[in-house]
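Input: a single structure, listed below in structure tokens.
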Ligand SMILES: *[C@@H]1O[C@H](CO)[C@@H](O)[C@H](O)[C@H]1NC(C)=O
């Protein structure tokens with residue numbers, strides 16, 4: 001039917017974030033700073049966990065895997081956005097656009113499953129401490145990882161199946177700095193009402209339900225912790241609050257994008273930057289660097305360059 005659709009639109013024009021020179025400079029500095037920091041912070045976590053034998057417990061293995069995912073995630077849209085900030089004409093090829101959608105949904109879906117797995121890990125650690133090592137054994141960790149990537153890939157392929165068959169017949173201006181489905185389907189020369197509904201149902205429903213599942217599990221764990229409150233509970237409480245913070249920061253923007261798809265506003269775009277660069281940076285900070293064992297391990301691995309503070 002739409003045999004030659006790609007010959008009509010072979011690339012998309014991205015409007016980027018702003019034409020104001022001051023805002024561009026600000027965005028450039030801000031994005032570079034947080035992109036580089038994200039990459040560094042997550043690399044530190046991965047290197048520390050893999051090279052420190054004391055950190056080979058399930059929690060840290062999952063955290064290191066989360067950092068790998070964050071490394072990929074922040075490298076999907078941010079580098080191109082940073083290079084494009086000062087360009088007058090920002091374009092992305094059809095294939096590049098599809099690739100951005102594919103990777104961001106695959107990696108985002110994987111991250112969601114991993115966050116749920118980490119809530120489960122905390123549940124077992126706090127509510128069934130005696131069985132922790134038998135339940136969260138190495139095979140379980142591998143199983144979680146395989147399941148997470150499989151679910152992420154399937155989710156992404158399902159999303160793509162809708163997009164690649166859309167007829168694009170002319171309009172090719174995306175009011176954004178990266179490709180995602182809600183903006184892309186608005187350009188298709190067909191009635192996209194059903195499709196928008198599908199996207200909302202798919203990405204929106206998945207992120208909303210994962211979010212509520214996570215919040216409910218953490219409330220459940222907190223309630224149990226309250227009942228058996230003892231000496232160790234303040235440490236558990238601080239770990240849990242760190243996890244809850246990450247969950248809210250990760251899902252907040254997603255739910256905003258997919259559940260209430262509205263005309264793009266500046267808020268939309270700034271939230272997108274937040275999700276693309278800032279959340280991957282916060283994960284290692286919130287989950288790991290506040291953690292005492294982790295700080296000691298980083299010092300062990302990297303010498304005293306990063307944490308020159310003495311005994312703590
Ligand atoms: C990620 O998880 C797998 C499976 O448990 C594990 O073998 C691997 O070491 C983890 N990656 C890192 C960087 O820790």
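Positions of Cβ are set from backbone N, Cα and C atoms, glycine also.
Just so you know, TrEMBL annotations are computer predictions that nobody has curated.
The feature transmembrane segment is assigned by TrEMBL to 23-47 (among others). Within the chain, the transmembrane segment (23-47) has long-range Cβ neighbours (under 8 A, six or more residues past its boundaries) at 17, 63-64, 67-68, 70-71, 74-75, 78-79, 81-82, 85-86, 273, 277-278, 280-281, 283-285, 288-289, 294, 298, 301-302, 306.
Summarising the annotation, TrEMBL assigns domain 'G-protein coupled receptors family 1 profile' to 41-287.
As annotated by TrEMBL, transmembrane segment applies to 59-78 (among others).
Non-local neighbours of the transmembrane segment (98-120) in the same chain are 59, 62-63, 65-66, 69-70, 72-73, 76-77, 92, 144-145, 147-149, 151-157, 159-160, 163-164, 178-181, 184, 203, 206-207, 210, 213-214, 217-218, 221, 243, 246-247, 250, 254; each lies 6+ residues outside the stretch with a CB under 8 Å from one of its CB atoms. Annotation source TrEMBL lists transmembrane segment at 98-120 (among others).
Under the heading transmembrane segment, TrEMBL lists 141-164 (among others).
Per TrEMBL, the feature transmembrane segment maps to 205-225 (among others). For the transmembrane segment (205-225), same-chain residues at least 6 beyond its ends with a Cβ under 8 Å from one of its own Cβ atoms are 109, 112, 115-116, 119-120, 122-123, 126-127, 155, 233, 236-237, 240, 243-244, 247, 251, 254-255, 258-259.
TrEMBL lists 237-258 (among others) with the feature transmembrane segment.
If you look up TrEMBL, you'll see 270-289 (among others) marked as transmembrane segment. Taking Cβ pairs closer than 8 Å, the transmembrane segment (270-289) reaches residues 17, 27, 30-31, 34-35, 37-38, 41-42, 44-45, 63, 66-67, 70-71, 73-74, 76-78, 81, 176-178, 242-243, 245-246, 249-250, 252-254, 256-257, 295, 298 in its own chain, all 6 or more past its ends.
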